Amino acid sequence: MYSTVFYTSVHPSTSVLSRKQLPLLISKDFSAELYHSLPCRSLENGHINKVKGVKVKATIAEAPVTPTEKTDSGANGDLKVPQKKLKVLVAGGGIGGLVFALAAKKRGFDVLVFERDLSAIRGEGQYRGPIQIQSNALAALEAIDLDVAEDIMNAGCITGQRINGLVDGISGNWYCKFDTFTPAVERGLPVTRVISRMTLQQILARAVGEEIIMNESNVVDFEDDGEKVTVVLENGQRFTGDLLVGADGIRSKVRTNLFGPSEATYSGYTCYTGIADFVPADIDTVGYRVFLGHKQYFVSSDVGGGKMQWYAFYNEPAGGADAPNGKKERLLKIFGGWCDNVIDLLVATDEDAILRRDIYDRPPTFSWGRGRVTLLGDSVHAMQPNLGQGGCMAIEDSYQLALELEKACSRSAEFGSPVDIISSLRSYESARKLRVGVIHGLARMAAIMASTYKAYLGVGLGPLSFLTQYRIPHPGRVGGRVFIDLGMPLMLSWVLGGNGDKLEGRIKHCRLSEKANDQLRKWFEDDDALERATDAEWLLLPAGNGSSGLEAIVLSRDEDVPCTVGSISHTNIPGKSIVLPLPQVSEMHARISCKDGAFFVTDLRSEHGTWVTDNEGRRYRTSPNFPTRFHPSDVIEFGSDKAAFRVKAMKFPLKTSERKEEREAVEAA
């Protein structure tokens, strides 16, 4: 069974052609392999560039008539008088408020937005950083305004066509990978992106129009007399409209005036966040990771432009504070011993770019509004950030609310009756409650999983913590992985694609610029293949006692240029000679070589041996004359810990000063 989109325009307009729109057949059994065959990806210096998408869209032959401008004929053939435009008041100019204002404006409504401070995102300004907009929200934006959605997607960094998922915080090993690409392309949805909150807000504000947004206008109260709604600003000004939408955040004044005061729920976690000028070695293959630990976890995401956004969550009571200039130091202590992917980002972030906030949410409620007033976004269902769906749900809310108001106006025009605003608001609320409630619960479950995650037996057991040295996998980790592997595809399919059929008039399409690597499916199934695909420089950084006088060793990826390590130079042997003038190092100690993107060390029957400590803390002596595979974050010792080196994979080679800072930071951690 196929559901096919037909593109039937014989004479497409120049505006359509300028967008490079192409016809595409969408099948329920649409194969990602077919999608992979489309050439679309642009790379420069190994980093993904943003390419304006090629997409499919049906051409509409005539401009739509908004419901408020619609006329009809009475029984005697006389035209009815066009209806007066609805006056919509919006409290809050954050993402949800602006998206709804845009949706309402596109449908011909008279909109007025009140925002306390449009110069910065509420609470954290420019340092709050990027936001992830997933496929479901991008599709809703397309249904609201295709051109604005295009601007947003072009300004964003695509992460959904790379590997994303959960890893163990200490070892860095993959725990579970998320496929957000297949659910999107199979349903003709845009692929997930990350975009700066400030950039997103600026695009939306420009599209809404400065004449619609009243800056420095804080709504503190409202009056609903059944016929109209009047908002009261902090400065005493009053404005009247047909309805009021509260989009004023987790501490919503509109919500408080509707249902009385209530406290937000503390998640149990405080969150540090920052943006680092850093490019991970696997930036081309990995979009974002969630590093799991016991009662702490760490999230990192590529945000484009050579920057990484990170969030560090730590379980502790609310209201804590750090010593002056003490955030970075505390984080290095909390996450000391974690994998390099975490430590690298903390080291690369300036102290004054790190912010701290406690994480709150609000439990789902059955009442979203009353009379001519309703709520959307964080004002009614603030979520924990673990699924990246908080802003996405606000965007979906905005589309649905504007749609219900449009339907009410259409019914009014058809039957010549007053617009039933109250019923349309309740219809919007009913349409959204179940989906929002489920996703809200999933976000909480993700936090619970992070709270209870234990990699090994003994973690969090106090006197029994010595058991961790035996590296026995915790049964909960093993069972949890089975559950996640089975349930995650279904969950992602529903979260990303479950709202697509409600987007009336949106044509399913795929952008060629969102093409994934041909090896994406293999990377999901094979961790080794994913590591081999890493296009980076491999280095050995001095890391042991007494090794501070040693220099970093840059390894060659050329299979014909091995490195020979010894206490004397070996210029007569093909390849690169590395001299370590230490008594524990034999004259010809070991050889390091590269094969198919992987690195191996071979001990050449040295007197004191070659030792490897892997990323899970297991130390072993390599067999003589037998190549032993090593990985980033492993430690290699040539004879003793005085000639110990930590394996690093870097996107760009480090300068000498940076190598010293990296070594000092790792040793301190």
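Glycine is no exception: its Cβ is also placed from the backbone N, Cα and C atoms.
Taken verbatim from Swiss-Prot:
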TRANSIT   1-49  transit peptide
BINDING   87-115, 365-378  FAD binding site
DOMAIN    553-617  domain 'FHA'
Return one of helix, strand or coil for Phe366 (FAD binding site), based on DSSP.
coil
DSSP three-state assignment for Gly93 (FAD binding site):
coil
For Arg372 (FAD binding site), just give me the three-state DSSP call.
coil
For the domain 'FHA' (553-617), what are the DSSP-based totals of helix, strand and coil residues?
0 helix, 26 strand, 39 coil
Long-range Cβ environment of Gly93 (FAD binding site), under 8 Å and at least 6 residues apart
Ala101, Val113, Phe114, Glu115, Leu118, Gln201, Ala205, Ile213, Asn215
Only counting partners 6 or more residues apart, tell me which same-chain residues put their Cβ under 8 Å from the Cβ of Lys87 (FAD binding site).
Phe109, Asp110, Leu112, Thr240, Gly241, Asp242, Leu243
Would you mind listing, in sequence order, the residues at least six apart from Val99 (FAD binding site) in the same chain with a Cβ closer than 8 Å to its Cβ?
Leu141, Ile144, Leu204, Ala394, Ile395, Ser398, Tyr399
Tertiary neighbours of Lys105 (FAD binding site) (same chain, Cβ under 8 Å, six or more apart):
Val111, Val208, Gly209, Ile212
Where does Lys87 (FAD binding site) sit in DSSP terms: helix, strand, or coil?
strand
